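According to TrEMBL, the features are:
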type	residues	note
DOMAIN	38-256	domain 'Radical SAM core'
BINDING	53, 57, 60	[4Fe-4S] cluster binding site
BINDING	97, 128, 188, 260	[2Fe-2S] cluster binding site
Ligand code: SF4
């Protein structure tokens with residue numbers, strides 16, 4: 001549901017152009033109106049099919065067009081995925097995201113994907129998938145299996161998009177988002193900062209997301225991870241303040257959405273991450289490798305949460321919140337869960 005009139009490039013730019021402290025103050029106020037500022041939603045992302053993707057997204061090491069040394073893997077066995085989900089739950093994750101490097105899923109894969117969704121749901125976790133473009137029938141099948149969220153990023157503004165991806169159009173992406181929405185699945189969609197885009201492109205991306213018929217429930221804001229072998233490997237670093245500013249503007253424009261601090265967290269120091277939370281980020285990927293790029297290890301995340309007085313958003317578990325907190329504390333001592341680190345090789 002929209003809470004404000006449609007956003008324009010000019011109104012979004014006004015936010016980007018605010019003095020930094022004013023923008024942070026406004027974002028924090030909006031954040032506190034809609035969320036508990038001490039709670040962060042935690043998701044784990046597992047690559048269930050790695051590499052050899054026919055698409056040409058210039059930032060992505062999984063594209064078959066770039067030589068990044070990434071080892072490709074076929075679709076994981078359902079049992080293996082469920083066992084990773086179990087570990088993610090024990091480590092405090094409330095949502096399990098399964099990502100496959102495809103243009104779109106094939107019919108032959110659908111029964112396995114459905115079983116993965118059903119199995120993860122049975123563990124009491126929220127389910128999310130990112131599989132590329134979906135047909136209406138595929139979206140409906142996944143919805144029936146119990147899929148809660150579907151991730152499909154718009155990446156950047158419509159104007160800049162063609163410089164980053166040529167194998168699928170912006171409209172293709174919007175069409176997939178609307179099929180997902182129509183099937184009754186919640187939408188996770190965001191973009192990437194650091195592709196070489198202008199400030200107008202960052203504003204344009206957020207305008208697209210905020211003006212969707214219903215804004216995404218979840219908005220991942222990624223910092224480009226520069227992977228050797230991809231065309232964007234030598235892009236200029238993003239100034240952390242520009243990244244934080246993008247989070248703050250996303251928070252103001254989509255006040256009820258979870259804004260997720262996503263890829264690129266490994267390159268951020270604790271202070272930058274803390275300012276992202278102040279700017280209104282309230283969701284992270286925890287542990288695991290973020291598809292194929294490294295993500296800070298679970299224990300360093302938990303230590304940062306402790307320093308900042310943040311808590312992971314509770315999920316209804318059999319042992320209750322207290323039991324979950326206890327398990328989380330256990331993870332601090334014994335955070336080495338090799339399966340995650342191997343899962344996305
Ligand atoms: S971002 Fe997704 S669609 Fe694009 S190349 Fe990577 S895996 Fe393929």
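Each Cβ is built from the backbone N, Cα and C atoms, and glycine gets one as well.
All TrEMBL annotations are machine predictions without curation.
The distance from the Cα of residue 97 ([2Fe-2S] cluster binding site) to the Cα of residue 60 ([4Fe-4S] cluster binding site) comes to 18 Å. A coil conformation is recorded for residue 57 ([4Fe-4S] cluster binding site) in the three-state DSSP classification, outside any helix or strand.
Mean pLDDT, taken over the domain 'Radical SAM core' (38-256), works out to 92 on the 0 to 100 scale. Long-range neighbours of residue 53 ([4Fe-4S] cluster binding site) (same chain, six or more residues apart, CB within less than 8 Å of its CB): 60, 62, 63, 64, 101, 102, 103. Apart from 53, 57, 60, the residues listed for [4Fe-4S] cluster, the same chain places the Cβ atoms of 55, 56, 59, 61, 62, 63, 101 within 8 Å of the centroid of those Cβ atoms. Taking the binding-site residues 97, 128 in turn, the residue surrounded by the fewest other Cβ atoms inside 10 Å of its Cβ turns out to be 128. Close contacts with ligand 1, defined as a Cβ under 6 Å from any of its atoms, occur at none of the binding-site residues 97, 188, 260. Taking only the Cα positions, the spacing between residue 188 ([2Fe-2S] cluster binding site) and residue 57 ([4Fe-4S] cluster binding site) is 19 angstrom. For the pair formed by residue 57 ([4Fe-4S] cluster binding site) and residue 260 ([2Fe-2S] cluster binding site), distance between Cα atoms is given as 21 Å, rounded to the nearest Å. What surrounds the [2Fe-2S] cluster site, by Cβ distance within 8 Å of the Cβ centroid and not counting 97, 128, 188, 260, is the set 43, 45, 95, 130, 149, 151, 218, 220, 283 from the same chain. Counting every protein chain shown, 24 other Cβ atoms lie within 10 Å of the Cβ of residue 57 ([4Fe-4S] cluster binding site). Local packing around the binding-site residues 60, 188 was summarised as the count of other Cβ atoms within 10 Å of each Cβ; on this measure the leading residue is 188. All protein chains considered, the CB of residue 260 ([2Fe-2S] cluster binding site) has 25 other CB atoms within 10 Å.
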